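If you look up TrEMBL, you'll see 6-30, 42-62, 74-95, 102-124, 136-155, 191-213, 219-240 marked as transmembrane segment. Here TrEMBL flags 250-289 as region 'Disordered'. Positions annotated as compositional bias 'Basic and acidic residues' by TrEMBL: 250-261. For 279-289, the entry in TrEMBL reads compositional bias 'Polar residues'.
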Amino acid sequence: MGGTDTAHFVFGILGDATGLLLFLAPLITFKRIVMNKSTEQFSGIPYVMTLLNCLLSAWYGLPFISPNNMLVSTINGTGAAIEAIYVLIFVIYAPKKEKGKILGLLTFVLSVFAAVALISMLVLQSKNNKKIFCGFAAAIFSIIMYGSPLSIMLVKRVVPNFRSVDSFDSCNLYNIVTLRRTVIKSKSVEYMPFFLSLFVFLCGTSWFIFGLLGKDPFVAVPNGFGSGLGAIQLILYAIYRDNKGEAKKLGPDESLEKGLAKPDTQQQPAARPDEEKQSNTQLSVNGHV
């Protein structure tokens with residue numbers, strides 16, 4: 001095994017390891033859902049869309065579609081199983097209206113994956129054509145997953161008295177840009193889980209280099225987006241790290257989203273100074289990897 005092949009394998013293992021941590025990050029969120037027997041104001045959409053991304057990427061990495069990408073299939077196959085469990089839990093505890101929405105989206109996701117798989121197996125004969133078709137499908141949905149948070153910046157939501165990052169998880173990429181916007185507006189990293197940003201960066205960078213070494217643009221390009229997004233998070237952390245705990249007070253339209261929570265119009269009682277101080281100390285402890 002040459003030096004390039006060894007490096008290719010090593011970065012694939014690093015990508016698998018950091019990817020697994022990111023897929024497991026929502027465990028605290030779903031533990032809360034199961035304990036409360038309610039999805040509360042959480043959204044299940046990111047988990048369904050991540051399931052599609054994992055299915056397409058796992059299919060693309062199979063040997064009869066693209067060579068030397070089994071590590072891509074390994075982590076994305078594992079991720080698909082984990083995301084399927086998250087979606088199942090969400091459907092069990094979601095209210096009727098939300099349950100119907102998620103089941104409809106899940107049907108769409110499975111239909112897209114089935115169409116890609118069937119076309120690649122029954123219609124396309126050339127192995128190169130199969131790789132290009134499945135690679136484009138996987139890359140497009142990966143970029144959509146990384147780019148979709150930009151739409152959040154055009155939407156104003158209100159979450160009264162947000163004091164915890166318990167609901168943040170790396171698979172919910174919608175939250176990442178919302179978090180970045182909040183850090184910039186408040187000039188504080190009080191609400192930014194450092195390890196979330198770090199592992200988004202490490203995972204994206206590992207797979208970006210893996211794709212470069214394997215000369216595979218369908219792996220390198222979308223993960224380059226993820227690496228860049230994680231790098232921006234870390235840069236913001238470095239800029240505002242000294243302001244932790246000294247956040248500028250945000251207006252009601254600038255409140256941080258909580259797991260893509262829907263607006264809660266019920267007025268919350270103001271927290272006493274001692275309670276607010278205690279909740280502040282729990283932020284970094286409760287943040288996800």
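Residue 1 is the first one shown; counting continues down the chain.
A Cβ is built for glycine as well, from the same backbone N, Cα and C atoms used for every other residue.
A Cβ distance under 8 Å defines the sequence-distant neighbours of the transmembrane segment (102-124), meaning residues of its chain 6+ beyond its ends; these are 44-45, 48-49, 51-52, 55-56, 59, 65, 87, 90-91, 94, 130, 133-134, 137. Between the transmembrane segment (6-30) and the transmembrane segment (219-240) there are fewer than 3 Cβ pairs closer than 8 Å, counting only pairs 6 or more residues apart in sequence, which means the two stretches are not in contact. In terms of C-beta pairs under 8 Å, the stretch of 42-62, 74-95, 191-213 lying closest in packing to the transmembrane segment (219-240) is 191-213.
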